[in-house]
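Novice: I am attaching a structure below and will ask some questions about it afterwards.
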Amino acid sequence: MPGDATLVFIAISGIFAFSFYAVLVAGQLSLGQAGFAAIAAFGSATLAPAPSQVGDVPALLIAVAIGMSMGVLASIVLGLPTMHLRGVFLAIATLGFAEAVRILIINMESLGGAQGMPVPKVVTPAIAWVFLLLVAYWFWRQGPSRYGRALAAIREDELAARAMGIDVGRHRLQVFVTSGALAGLYGVLWAYFVRLIAPEDFSFTTAIDGLVTAVVGGSTLFVGPILGSIFLTLVPDLQRAIGIDAGWIRPFLASLLLLLVILFLPGGLASLVPRRVRMPAVTGTDLGSEAAGLETRQHPADGEPVVRLRGLSKDYGGVHAVRGVDLEVTGGEILGLIGPNGAGKTTLVNMISGLVRGTSGTVEVLGIRPGRTAVHRVAAAGVSRTFQQSRLFPRLSALENTLVGSHVLTRPTFVRRMLWLPSARRDEQRALQHAARCLRRVGLADKAAVPAKALSYGDQRRLEIARALAADPSLLILDEPAAGMNHVEAAGLSDLIGALGRDGLTILLIEHNVAMVMRTCSRIVVLNFGEVIATGSPEEVAANSEVVEAYLGSAEPEGEPR
Amino acid sequence: MRTRRIIGTTAAVTLTLTIAACGSDDGGGSGDGTLVGEGSGADCEIAAAIGVGAALSLTGAAASYGESQRNGLELAVADLNEEGGVTYELTVEDDQTDPRQGITVFEDFTGGDTSIIIGPTLSNGAFQAQPIAQEAGVPVLAISNTASGITEQGDYIFRDSLTEAQVIPQTIALATETYDLEQVVVMYSNDDAFTESGYEVFASSLESEGVEVTDTLTFSVSDTDFRPLLTEALAAEPDALVVSGLIEAAIPLVTQARDLGIEVPIIGGNGFNNPQLMADAGAAAEGVVVGAAWNSTSDNAENVEFLDAYEQEFGGPPDQFAAQAYAAMTIIDTAVRHNCSGERDDVQDGLNNIADLPTVLGSLTINDDRDAEHEAVVQVVEDGAFAVLG
């Protein structure tokens, strides 16, 4: 039978788990939370007025405000220099921070050293659960917002998220700071419940406990941390209730149970909660309605310059991947870029989309300078692309993938969702409509709910195009979209690209399938050994002797898909 | 739809937990009358078994102490139940050296039908858990908490363990006299509440004895390599090393010190007061001086009997934690018999009337501050066993 203490520990362990969930949803592994909690606990216990002076609840609220602010400050101070770290490196750096905080507190006599510091007990189960529910509410509203989708995209594939216009650095710091604030809240609630805080309460084990709670509960649905906390807090209680002898057997059984949960529910306990992807009824059929109601951009008119390359080169060590390329793409054009393997096609489009910076020469796309501008700004300017190797967000549904594509078009909805403003719902509906139409455009309307990783190869390539289209791009870059498709699929794709071109989209198509390029493109550029060897209409290029030689010289027969 | 279902689930879970919490809040076994018996003192007979709850660290960082404590308690309860008249039902729970478990276990005990709670093992945990019993009006007997301020938490909190402040000054005074100490090097682990508070008492005792501290070195409870620190200590040419550390640190520290040629006495705190030191450090342990609340070599009848019974039951000698646990049950039994009642308030009253009680720790009195007073002993390791110094 859970008593008061059990109820409180479920709530505050849940809040601590949420501080891990906050970063895990964005694919970040941080272990600094114990440090933030320690700073908040000792800081608020030192600075906040005593409950005997101002009353229990006001004292706690002041302490919470102090603790959360300190958590935020600490996470900014730690986050700024460490946000470029990834995976285990970030985990180690943040762990180092937490350990440093603990050592510092041990050696600060004013905080009681290892013997800790007494704190009045104020927190009751009701107070703890109110805080837990507020935090859970925050993440419930965050999940399906534009912000929440951006975080999921970063978790699934950071580079693709960047290319879809998501400012990865800012989002990563935001979640890190959220995590710091929540860890701070946990630290304060802990302090005001357990009566004595000691540095050992905020050790490495504490951090691991929080991480395990979040992972066991599930780090993709907001109820996860609560479920994890209920589970892990009740296991010892249940063992006591059943009457298992106190001693090593209990932690052993608990660990075994943990192992079983992770083995059979890799998505955590929250994966038991059924999820349904809402596919909205698609209304409107004409192409112009695709972006209806969204902040559409002004596309360059026919003939206006979209891309302008001047003497663009890229060297990798001694290898000249791209050499002195001059190229111009104008509005409404479908430009084909062909060339044998290793000719530098992908390097060239990576420079145009800003993923790679040229060694010399200039790139100007839609008025900005990719390579000198962050990738997400290039995307925001209207450059959208697919990748040679599909870079979808594998665990997100087709519809969610496409919704991420519309990131640059849509307005933030998280704060408005929290306040239940009708405009947020309207915006979300519009984004859904838009995404659904983009899916239908590529023929995936009936696969909206399927996770991207479960789609067939051809469908994945189509989904990538739908995602790129969802950004309402002024320049669409397709990097070998037909690779791996059969002739029928390739023909369908060719028709789709032609139709998009007729809608006025400027398209840069890189393709091995020369026949398809000939059929689809209005102009073709041929690259060999990093240099442009021919430019012109399909007929001119086909007749060019240098081109024929380049292709005959390569091992790959012309016109065959790989 | 989905979100609605989730809200529903969460609400249902919350509700279930709330109802369950209310259900358990039925005040426990006090007041039903069967805990009050007939007669008094040795003749007291109580029909119902007296519930004794012990929250010990059986797993986690302090597990080695908790295990000894459990042994001591179980042995004592078996002895008392055999004697008859008043019987005890001992429930040992594990706090996993985790404040969450300590608090929860204490709450379970106060909500159940325990007449008295023993524990928890560590002082930090005591400050977190014992107030729950104080608020619920359940007497607590601390059996290993040595920090100051434990019994100041309230009038239901008692202890039979001597504080560092009671033991260490005697140790330093006697060692200073025996070894003519003039200058020492002090080492302690500063990230543990027990060893840190022990250090503080060492420092003030050394000062009042006029012994110069040439260097103070700190280490972590988890350290096992002390050679760099010991080399530093050796350079200071001390007359003795004074160490406040747990047994886990004591064994490698003592071994490495002797390896490095430090032959001076090593004066340890309560953490060193463990037969494991001689078992694991062997000859290196010779000359280690330890102040203790329990004289293992004492020939008082209670102690001789205890040593025998413990050895027989568990196949090894008891340590101070086991002795203090054993003594706790002697104290509780006397307190219960005082009013011939297992009611919580009667037990509290009984504990306030413990005076000159013969226990394995010696003749023991609980003073007005609810702290135990009995003779401490300064021991030195000689021929692989503790002997009384001086």
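Every residue, even glycine, has its Cβ placed from backbone N, Cα and C.
Feature annotation from TrEMBL assigns transmembrane segment to A:6-27, A:34-51, A:57-80, A:87-106, A:122-140, A:173-193, A:213-235, A:247-269. According to TrEMBL, the feature domain 'ABC transporter' maps to A:307-554.
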Novice: Checking distant contacts: for the transmembrane segment (A:87-106), what same-chain residues at least six beyond its ends satisfy Cβ-Cβ under 8 A?
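Specialist: Sequence-remote neighbours of the transmembrane segment (A:87-106) are 28-36, 38-39, 42, 78, 113-114, 199, 202-204, 207.
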Novice: For the transmembrane segment (A:34-51), what are the same-chain contacts with Cβ under 8 Å, counting residues 6+ beyond its ends?
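Specialist: Contacts of the transmembrane segment (A:34-51) (Cβ under 8 Å, skipping residues fewer than 6 from its ends): 16, 19, 59-60, 62-64, 66-68, 70-71, 74-75, 78, 94, 97-102, 105, 110-111, 117, 119-120, 122, 179-180, 183-188, 190-192, 197, 199, 201-204, 206-207, 210.
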Novice: How about the transmembrane segment (A:6-27) and the transmembrane segment (A:247-269): at least 3 CB pairs under 8 Å, pairs 6 or more apart in sequence, or not?
Specialist: no
Novice: Restricting to CB pairs under 8 Å, which listed stretch, A:57-80, A:173-193, A:247-269, is in contact most with the transmembrane segment (A:213-235)?
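Specialist: Against the transmembrane segment (A:213-235), the leading stretch is A:247-269.
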Novice: Using Cβ atoms and a strict cutoff of less than 8 Å, what residues sit near the transmembrane segment (A:57-80) while being 6 or more residues removed from its termini?
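Specialist: Beyond its ends, the transmembrane segment (A:57-80) has Cβ neighbours at 32, 35-37, 39-41, 43-45, 47-51, 94, 97, 120, 122-123, 127, 131, 173, 176-177, 179-185, 187-189, 191-192.
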